[in-house]
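Following: one structure in structure tokens, then a few remarks.
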Amino acid sequence: VDFTGEQLQMRYSPNFLKKEVADKLFDTLENEVQYFSGDLTKIRVFGKWRDIPRQQVAFGDPGLSYKFSGLTLPALSWPQFLSDLRDTVSNQLGYYYNFVLINRYRNGNDHIGEHRDDESELDVEAGIASVSLGQVRDFVMRHTDHRNRLRKVEPVKVALDHGSLLHMQPP
């Protein structure tokens, strides 16, 4: 399913992974992955340090890290199950992904706030690939003008299914 609009180009593949594969990945993430703790669980929001309202861990190629909101997340070495998933996603999209940030939402209170993925180390040509596992969650995209009183731009909402792939392509 394609979603296009002003400064929006996304492709959603609800059945990207077979259910058995998605279930196994989910179980592996639940049982084998250690999420970051301590200082790696805090971000700077409006000048104040706040707890991140979700769990996170990053994996990637040697020497990589990801910086956002005053936080630098180091990339841990790829475990085999994630390098296999990376290769599946890369083959599908035609771009080698060298880093993954895993966000684990423990319950309905965990979330990610409204933001723009505009960090300088991101390759704008690749876009962002997101594989969703577990419960269905709404993903909402809002145009930068969505609060403009003179111009109303409606948000785009996608219910991300277990095993789905969302590719946010560069506008």
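The backbone N, Cα and C atoms fix where each Cβ goes, glycine too.
Listed features, source TrEMBL:
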type: BINDING; residues: F46, G47, K48, Y66, K67, F68, D118; note: substrate binding site
type: BINDING; residues: N103, Y105, H115; note: 2-oxoglutarate binding site
type: DOMAIN; residues: 96-171; note: domain 'Fe2OG dioxygenase'
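All features noted in TrEMBL, drawn onto the structure.
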residue : record                      : CB count, 10 Å
F46     : substrate binding site      : 5
G47     : substrate binding site      : 6
K48     : substrate binding site      : 8
Y66     : substrate binding site      : 18
K67     : substrate binding site      : 11
F68     : substrate binding site      : 16
N103    : 2-oxoglutarate binding site : 15
Y105    : 2-oxoglutarate binding site : 15
At the level of the C-alpha atoms, what whole-angstrom distance separates Y66 (substrate binding site) and N103 (2-oxoglutarate binding site)?
13
If you measure between the CA atoms of N103 (2-oxoglutarate binding site) and F68 (substrate binding site) and round to the nearest Å, you get 14
